[in-house]
Structures are given as structure tokens and as C-alpha cells.
Amino acid sequence: MIESSKPLPPGAAASQRPQPWRGVLQRPEGWLAVVAACVLPLVLSSGSLATEVLVFALAALGCNLLLGYTGLLSFGQGIFFGLGSYAAGLVLTRGVASVTAALVAAAVLGAIAAALVGWFSIRQRGTYFVMLTLAFGQLFYFLAYTTPDVTGGDNGLLDIPRPALSAFGHPLVSLDSPWRYYGFVAVLFVAVFWLLLRVSRSVFGRTLLAIRDNEARAAAAGYDVKRFKLAAFVISGAVTGLAGALHALMTGIAPLSNIDYHTSEMILVMTVIGGTGNLFASVLGAAFYVLFADWLSTLWPRWLLLLGLVLIAVSLFMQRGLWGLGERIVASLRRSDRTAATDKERQ
């Protein structure tokens, strides 16, 4: 027997429509990102070091979108980071005194490069996919090295200015101070973080998770797996290119090392240390790597050996990274509280 449904009262249909931002606002990760951006100036005395944490947090976010949400282990993130640095440097050293133009150019160039790399790479899986991203990384590195008229070659682009934020040609806010520049980067970081959080909560993000968990099943369900992978690549490239531009503005140079394989490796290590599949984990990984490396470099010239030991420990004992460790600690504390409450009730 089929029951007749009553018409909905006025306004009820609108109230039942999905409100995508509501779930995002209820997620703790977004607010943790805001807290992190506010806390860094309170615990660090160097504005440049605090800015470096957020810059590489952005780069790790782009990597996490590929590795943690799509299941793609890419060694090509340095391509997008380096191209973002070059794009910002070329815009600002060729007479265009606009931070906005430099950042937009970096994000667009990173997205275009990611579309190119992704279009070829996603046609392979597993080891062959990883090798393709690594090969593209070497290709772009030698391309940058052999075009000194554009990239500065081995010296990179030098004396990159950091002009004030302007509107219609009128300067508004100076970014000369390290802490003022940090404030600018912090605003961009929070905005990008919340946008990526929205993406991860959308149908697109859930489809990426389905592809990560079982690509064959996602394809059988009718999803164009290659198109979703390519879209993830493009978003990752844009975010990482933006991070590269912010790094160039911070340091005043766009060195060849930014597009090197070691940059890809460093971004990947940050992502793994923080944990994959959670956006704020990327912030934890970047903060740990940058601050730990800064501290170790003052103690021992061969500090990378100790960092390697830390990565081995994470791989063996913390497969879900720092975020997973935090989740286990919180779960253990909650179990202890429940046990104590139960024992108290029995008494």
C-alpha cells in the first residue's frame, strides 16, 4: 500500500536543501587552521620562520589532496612549487608591481603544468605513475637549468621585490615588514584551507575518496576516474604554485632548488609526517618539519640524518602521522573518562 504524501509547507523545501558550508563550519579542522595562524606569532619570534610554516603548509595541502584523498603518490610537486616561484619572480621583475598579478600568474601556471603532468601520468598506475611524475620533475628541472634567460639558470631569479598591496594603482598596505607579510600569508592560507575543506566535503571530494579506496568500483559506478584525477592534479598544482610564489616573495629569490626533486621529496615528507586524508594534518606536518629542521640545523650540520630517523619512526609506528597519533591519544583519554565514570556509578 502506497501512502499519499502531504504537500510540504511553504519554505520547508528550502530548509531541506543541502547546505554545503554548514558541514564545513562544523568541522574542527577549519577552526584549527585559524587558531594555528593566530598562535604562530605568539610562539615564534621570527616572522620569516612563521611565514615559512604556512607557505609549506599550503604546499603540503596540495600534496595531501593527491595522496590522501585520491591515492596518488606524486614526486612532481616541486614542479608546481618551482614554477610558481618563477612566475611570481618574472611578473615582479619585469615591471608589473602587483602582488595579486604575481600570485594569480603562479596559480595559473601551476595549474597548467599540473594539467600537463597529470594528463600523461594518470594513464599509468602504481610504480609507473610514480616514475612518470619523477621523470617530469627531472624534465622541468633541466628545462629551468638550460634556460638562464628566463629562469636565471643555476643562480635563479634574484632581487624579487615585494610591492605593497594596491587597488587601482594606489598602494594600500605595505608588506615590507616580516610580520605584515605573515599576516597577508595567513589570510591567504586560511582562505585556501577553507576552500579545500569545502572541496573535500563536496561530491567531488567524496568521489576522490571512492577512487582512492577502490578505483575499479568507482569506474564501474559510472565515474570518469581519469577526469577526477586530472581535476585533483590541477587543484593541487594551483595551490602548490601559489605556495611557491609566496615563498619567492618571502625570500626575494626564486632559486633553481625550488624546482628540484628534493623539494618534491620535502613536501611529500611533510605530508606523510602530518598524516594523509586530513587537511589539518598537512599543517602539523609542515610545522613539525620546518620548526624541527630549523632547530636541528643549529645543533648539528648533518641534521638531515636525524630527520631521516624521524621519518623511519613515523613509517614504523605512526602510519597515520601526527594527526593519527593525536586521534589515538584523544580516544584513549575518552575511554579512560568513560571507565572512570562507569566505576563511579557502580560505587
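Every residue, even glycine, has its Cβ placed from backbone N, Cα and C.
Lifted from TrEMBL, the feature list:
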- 1-20: region 'Disordered' (REGION)
- 31-59: transmembrane segment (TRANSMEM)
- 95-120: transmembrane segment (TRANSMEM)
- 127-145: transmembrane segment (TRANSMEM)
- 179-197: transmembrane segment (TRANSMEM)
- 230-254: transmembrane segment (TRANSMEM)
- 266-291: transmembrane segment (TRANSMEM)
- 303-323: transmembrane segment (TRANSMEM)
Two-stretch contact, the transmembrane segment (95-120) and the transmembrane segment (31-59), at least three Cβ pairs under 8 Å:
no
Give residue numbers and ranges for long-range contacts of the transmembrane segment (303-323): same chain, 6 or more residues beyond its ends, CB-CB under 8 A.
269, 272-278, 280-281, 284-285, 288-289, 292-293, 296-297
Taking 31-59, 179-197, 230-254 as candidates, which has the most Cβ pairs under 8 Å with the transmembrane segment (266-291)?
31-59
Same-chain residue ranges lying at least 6 outside the transmembrane segment (230-254) that approach it to Cβ under 8 Å:
48, 51-52, 55-56, 58-59, 61-63, 65-66, 69-70, 72, 74, 77, 80-89, 92, 99, 102-103, 105-115, 117-119, 121-122, 151-152, 156-162, 175, 181, 185, 188, 192, 196, 199, 204, 208, 267
Spatial neighbours of the transmembrane segment (179-197) far in sequence, C-beta under 8 Å, 6+ residues away:
24, 27, 29-30, 33-34, 37-38, 40-41, 47, 50-51, 54-55, 57-58, 61, 65, 103, 162, 165, 173, 235, 239, 242, 246, 249-250, 279, 283
